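Report on the structure given below.
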Amino acid sequence: MKRILAQCTKELAQFRRDRLTLALAFILPVMTLFIFGFAIRLEAKNIAIVVQDFDRSNLSRRYTEGLYQTNQFVPAQWSGDDPMQDALDRGIAKAAVIIPPDFSRGIAAGKTSQLQVLIDGTDVNNARVIKNSIQAFTRSFLQDQNLMSGTSKITPRLRLWFNPGRRESLYIVPGVFGVILAIYPSLLAALAMSREKEQGTILQAYASSISAAELLLGKCLAYLVVGIGQAIFVIGLGCAIFRIWFVGDPSPFLIGTGIFLIASIMFGLLIGVRANNRSVAVQGVATAGFLLALLLSGFIYPLSNIPFPLSLVTNIVPARYFIEISRDAFVRGTGWEGVWVAQVCLVVLAFVLFNIARRILGRMQLPG
Amino acid sequence: MTQKTVTNSQITEVRPTDPAASDDVIRVIGLHKHYDRVAAVQGVDFSVRRGEVFGLIGPDGAGKTTTFHILGGVMEATAGDVQVLGQPPRDARLKIGYLTQQFSLYLDLSIDENLRYVGGLRQVPDRQFSERREKYLRLMNLEKFGDRLAGELSGGMKQKLALCCALVSQPQVLLLDEPTTGVDPVSRREFWDVLAALSSEEGVTIVVATPYLDEAERCNRVALMYDGQIQQIGTPAELRNSLGLHRLEVHTPQLQAAEQVLTTLSESDAIVDVQTFGDRLDVLVSDPQTGESQVRELFRQNHLQADTIELAEPTLENVFVTRLRQQGSAPEFFEFPRSRGGNRNVTTGSSSDFAIYSHNLNRSFGSFRAVKNVNVEVRYGEIFGLLGANGAGKTTTIKMLCGLLPISSGDISLGGERGNLRSSELRRRIGYMSQKFTLYDDLTILQNLEFYSGVYGVPRRLRREKIDWVIATCGLDGRETMLTGQLPGGWKQRVAFGASVMHEPDILFLDEPTSGVDPLARRQFWKLINDFARNGTAVLVTTHYLEEAEQCNRMSFMVAGEIVTEGSPSQIKASQPGQLIEVVIDQTQAASNLLKQQMESWRVSIFADRLHIVLDDPDRDIPIVRSLLKSANLTIHSLRPIPFSLEDAFIGVVQRLAQSATPEEP
């Protein structure tokens, strides 16, 4: 225990001394919070479209106006005579709606009329959103105009739970907490470990009788202190700026944060133990950490969309479990009942990472 | 001065050479270590007794560091039995203090924090920790700097702190891997004084690796290691005697001609080796009488003038080089392929012909005057040494002299050019090898050399020849395509030297060229430098390794930005006031403690089983020393005057200056 504490005090003294890592520890996370918190917008708003109305009837005009009133679409500047394809080609509009000359006549005659909708499919996600919106709008337009053939017996009454206002920050920000706490504490830990190897000071530890486990735990303890500081700082700032707060019992989140920090630090130490110098360590954490925490954690892309066998990888990404806990704390609020599995998974992961790192450090000797 | 009484505990001394003390602290039998296919250590046997200072000496790549790693318990041996304090080294780790070759300190921690960390790691109880912290910081004169960051200490202070850290857990064994590399002469002396005290007063067993053979003289026993094997073990005196050769110091004004005559014309095997220094030749002979008469005879036949021929003991360097030559491992000397036939008129004496000239040169950084009124005059064909401790202003001076750094005031002329020292025409005539020469580690040796020959404007058709010469000289044939980063430090220095002379410069600046280079390679280095000088190149070299400064024709000592002494090696040594006395005595450490109470401590140092004492007035002081030692019941076995080394001279100059600057009570 004394050796763990000695290791820990030393790490903290070094950390305090190094202005660069100090900045790294607090400024970069805040920048990440702002970039992700403000910049990522998943909902489609203000999509530029053009409408070419060959019908020029009351009905077609009402349809066009209705389309723009949804707030989702805005008219793009386009003279009505040029071919619609050009508007898409030049990127002026994301979609074009072409109303044929016999549109209103056909409807009046009780026949099925056709609309042509061209959508820019470069961005698949957006294209799908546009397609669904136009379809949904058209259906409701027909209903409003009483043009539906045969009234439907069932009308769904939809209610959004947990996030009734569909506030996006409520979805993004708790996830950003996960990404930040996955990357920065592990980066610091990896740097601290690889620096000893790079500068040869690790030999001093080898030459004393400190064990691999004690060395790792000492470093982990120091960076846990730093990580808790980062967590309070980033989460506090995030809550204040994006106006989010706990719903229900905060204790699973608080405890989960601690466990998650340990897991990320262990991940960093593991990379540091493998890397022989700092630049390799930074690259390792940046590549592995960022990719896993961003793409395979459910932060942006739903886990259920990730295909097999890649979906198996998500099970060993600690950020995935933390994001689950975090979203529960800020959005759902089910408490322990909903997230105890995630907590257990984090504990197991932290322990596994620690053991791998310990195995690699092995007998605290130079490689033969 | 406060008079301390000599307590009993100071006199009781563990006698390291006592044959009855058979308690071997370290025992190594048949040690082997292989890295993949490379055998680093191949069958090493030795043992070290309690309280002994044991030196491990050998060239780069001899397997010294590997041996240390194994003794320190941080590496597994491939085969063999290693026992430290009767245990496998790994189990004895808490009783071993290990100073690794790289600085084993955290440079971003303060002195106190470094100590505390080691204390915690090694589980030193708090009370003992603060006791020992006090004691050792005082011993190393570091007690005032507790809050200073380790990175802000000088090289010497860093190593002393590292030693403190190792001592905090009160180890019974100290392993020191090249502890004084990059440490200035004064700190080096102090460091060794501390080691001597630890071994004799506290019975600490010390194993030390060093590339400096004058340090090996301060060990009780020395092992010569080469190619993963120990070639010879013995006390310094035994090693010298085993050589069966004698050294003649021949002073002559015609060094080059004399060397040629002695090496090529000597028919008998009376003359074994000839080595050129700045103002003398060292000739190794098997018999002093016949040797001397033969040298005289050869001089007479060739109309050479020999000022003096003095008989001296062979140095450990002689032993080392001769033994390695017998192994056939001396690097070969290749004539440089000269295409310009350099030789300009070496002997003209007018001042405008100085290759490097400066008058009242000054340089300040803010309010700090790094260089004060420095005068340097170097002629073509001359090797000039600029010596001094770290931070004395050597590198600043050299950078100004070759135009890399603007001067604050003063006159400079370089190769006859006064105004623009950075013109490309002038730069083509200059070679500069900096302290940390920038060979690109991620290029191959060949690519580096091609790059530099291009940069220095070596004509394309000559490049191949010059590059081949560098590679042959460095003994790297067939390994040209190796990455430079994989070379050991000493080899890299040699390649770097090659790269800086490929364009046959008229003026060559060498800033600490041989730091980290082993004795054998160092010899070759100086042979090359001499060869360039003889062909008319002016050479300015800085070093803080003073034994090496003997190679310079003339030199200046710099202290705190000023030149304090200048002259040829013999002149400087002769100008030292007083006399150096070697005393062989029963209890060296007790005697040293006693004497240090009566005179300034720099005047007394322990060299293995003897004392070196600097006395200003020997006729008056020797009887005082004798009676002082006798009154403490110490038996003097012998007492004789010996010549000053350059290092003695340097330390004397520095200490006398410090003394006159801060006058203390007598």
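Note that Cβ sites are derived from N, Cα and C of the backbone, with glycine treated the same way.
Unlike curated records, TrEMBL annotations are generated automatically.
These numbers come from a predicted model, not from an experiment.
Residues or ranges marked as transmembrane segment by TrEMBL: A:20-40, A:170-193, A:221-246, A:252-273, A:280-301, A:338-357. Annotation source TrEMBL lists domain 'ABC transmembrane type-2' at A:127-364.
Where the transmembrane segment (A:252-273) meets the stretches A:20-40, A:221-246, A:280-301, A:338-357, the count of C-beta pairs under 8 angstroms peaks at A:338-357.
A contact between the transmembrane segment (A:280-301) and the transmembrane segment (A:338-357) is absent, since fewer than 3 of their C-beta pairs, 6 or more residues apart, lie under 8 Å. Within the chain carrying the transmembrane segment (A:20-40), a Cβ under 8 angstroms from the stretch's Cβ atoms is held by residues 169, 172-173, 175-176, 179-180, 183-184, 187-188, 191, 226, 229-230, 233-234, 237-238, 241-242, 300, all 6 or more beyond its ends. Here the transmembrane segment (A:338-357) has Cβ contacts under 8 Å with residues 212-213, 216, 220, 252, 255-256, 259-260, 262-263, 266-267, 269-270, 273, 315-316, 318, 321-322, 324-325, 328, 332 of the same chain, all six or more residues outside its ends. Residues of the same chain lying 6 or more positions beyond the ends of the transmembrane segment (A:170-193) and with a Cβ under 8 Å from any Cβ of it are 11, 14-15, 21, 24-25, 28-29, 32-33, 36-37, 40, 42, 163, 219-220, 222-223, 226-227, 230-231, 234-235, 238, 242, 244, 257, 260-261, 264-269, 271-273, 275, 278, 281-282, 284-286, 289-290, 292-294, 297-300, 318-319, 322-323, 326-327, 329-331.
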